Amino acid sequence: MNNNTNGEIIIPQEYLEKSECLFKELKELNINFKEVKHGLAATIKDLLEMNLENSTNILKNLFLKDKKKNYFLICTLNNKTVDLKNLSNILKTNNLRFVDENNLNNILNIQPGCLSPLAIKNDKENIVKLYFDEEIKNMQEVIIHPLHNYSSLYIKTQDVIKFCESFNHAPEYVQIKEDTTSKARVDKKEDVQEEMAKNEELQNNNNNNKNNSNSNNNNNNNNNHIKDTILKGKLLSNNEVEDNKSKDSNILGITSKKIENFSDWYTQVIVKSELIEYYDISGCYILRPAAYYIWECVQAFFNKEIKKLNVENSYFPLFVTKNKLEKEKNHIEGFSPEVAWVTKYGDSNLPEEIAIRPTSETIMYSVFPKWIRSYRDLPLKLNQWNTVVRWEFKQPTPFIRTREFLWQEGHTAHKNEEEAVKLVFDILDLYRRWYEEYLAVPIIKGIKSEGEKFGGANFTSTAEAFISENGRAIQAATSHYLGTNFAKMFKIEFEDENEVKQYVHQTSWGCTTRSIGIMIMTHGDDKGLVLPPNVSKYKVVIVPIFYKTTDENAIHSYCKDIEKILKNAQINCVYDDRASYSPGYKFNHWELRGIPIRIEVGPKDLQNNSCVIVRRDNNEKCNVKKESVLLETQQMLVDIHKNLFLKAKKKLDDSIVQVTSFSEVMNALNKKKMVLAPWCEDIATEEEIKKETQRLSLNQTNSETTLSGAMKPLCIPLDQPPMPPNMKCFWSGKPAKRWCLFGRSY
């Protein structure tokens, strides 16, 4: 059991973060529960030995797959021995076996020994079928893990069902009989869990003989290495445990590798670098000052540029009536599942439901007819910086997919199509600059397919980014040509020069705080955040290095001189003169937060009238004379931005595979690539391609680490390769119209 010197249960931080997020989601659904902390319990046997009250209510949970890679989460009573062959017959499948640890983590984002029905919330692709033993129906309360095995929840059975249903996973019920004739088949992964539990106990006993608090923290950091070793069939000795702990003593740093566990890496980076703080409403997050500073930087750039296009800032209300919101049917269909409604004030019901804006087209366009009467009133160009709410129940990801987010949304009205379309692409190019010049992120400009375009638009232009570590594209920004669709709905007309009534041609365009998440995913590394200089609050951190015989006052004065030189040149920097922390601690502290440049000053630097400059992006060091510090720093900031962009651009380019037949697609997708394919652009093929790639993803048998998820059209790139004569569509065989970029996406 993991205890500190006071006898308190110590739960690893990464597990605490998971359970805190879960608890917020449960409370949001008005679900009550009682948590009992008991220390590590990797198996049912361990949990039963904890002597919990009503232990017969502890559920046994099995994560299984069949030969065709259909996935099943089975929940039954803890005293039942399950025969997988018999269970295969019940589920009308064959060859059921336990899912390996990699896929357990990839699909349900959970570690062995931590499984519970609540983990179904992490099934982002909706590929897992949830089954409850029929006997669970008769249980008033169950005992399950809160996504980790250091505590258990006492929770009403109906509330567990309610929670699963809220994530679109209503359980099906099956009759699971006790296998009394023979032991059920047990996968080796259960043996691995037993070994992991033994090894954890061995470590904890050893830790308790030394320094409980510090040793246990180091033990948590080294957990991934321990698991890897056990999975290879080796149980660590006491000495080996101590050796491994000493290799990873920085408990404040990032403990997951970006390439190995991207989701956990991302969560650690945004929290430990002090960008995000979790909130008690799922999908809503606190943007801390470092994150909001990034938003202010891109906001200042965009404001300056749109004003050159004669766009004016304004603000429209947060609320919209149901009648107004539903006026444009095609438009609202895309948002209706996500709209949050206000139905009460105090204890009274509102006479009419009021929606919280998911976007502002219908809010703004209802007043446009009052402002636009003549061609002299055009063009009307407005922008607003605000928040919107989209109450979706997909797995939230800070910055990337949230229920409330900051954005800018622009809306314009023009007298003709030519003028409106020009603005659409002018704005799209500003989004390119937003990403390239400030976030050092390359994007692909293109046009959305008919099935992916904005509801109510004639066409949608898009900026697409790509995260090579997990093989997923992200829509970075969009700019829409709405034609006269909304003008006809809201009767936005003007009298032209010939006194003829015409409908206005409209545009709308937006970019969100998602851009910050894309930047983090693109540049971050195993040390933490990597900030492009143009959005880093502090460009430079100055760290003094003292020894016992050091003249601290002299070094302090020297560092202050460098600080003054940089600040006088408008380079914001911070002098870290904290006396209670070592230089190494300070290095890690600022590397985690992504500060572009570190300047080190020690006794030798003082003697040589120099300093050491270290780049965050590539860890290169150089010795620089004091008189050259300003010029070197200025050039280095430029070089860092350029290097970050070029490195990301190469990753993006290397992630595109050109294909001409569908047989080439899955190989590319499973290598975390996008595919550029000749396409007929038939809207019916979009859903066909999604379904087939989803099916093939689940049925892959050649690799246990195959990625899952459907492929969809991301965009038709504006920069088109030459199309050979008579080229056929890679899917339908019909004549191809253009090259289209396909891939998995967020």
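Even glycines carry a Cβ here, placed using N, Cα and C.
According to Swiss-Prot, the protein has these features:
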- 1-223: region 'Required for editing of incorrectly charged tRNA' (REGION)
- 181-201: compositional bias 'Basic and acidic residues' (COMPBIAS)
- 181-226: region 'Disordered' (REGION)
- 204-224: compositional bias 'Low complexity' (COMPBIAS)
- R390, H480: L-proline binding site (BINDING)
- 390-394, 401-405, 475-477, 512-514: ATP binding site (BINDING)
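Distribution of Swiss-Prot features across the structure.
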| residue | record | contacts (Cβ under 8 Å, 6+ apart) |
| --- | --- | --- |
| T402 | ATP binding site | G283, C284, Y285, P396, T513 |
| E404 | ATP binding site | G283, C284, T387, V388, V389 |
| Q475 | ATP binding site | T462, A463, E464, L714, S745, Y746 |
| A477 | ATP binding site | L428, Y431, W434, Y435, I443, T462, A463, W509, G510, C511, T512, S515 |
| H480 | L-proline binding site | V424, K453, F454, A457, F459, T460, S461, T507, S508, W509 |
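All chains included, 19 other C-beta atoms sit within 10 angstroms of the C-beta of R390 (L-proline binding site). Taken together, the residues of the region 'Required for editing of incorrectly charged tRNA' (1-223) have an average pLDDT of 78. Each of the binding-site residues E392, T513 was scored by other CB atoms within 10 A of its CB, and the lowest score goes to E392.
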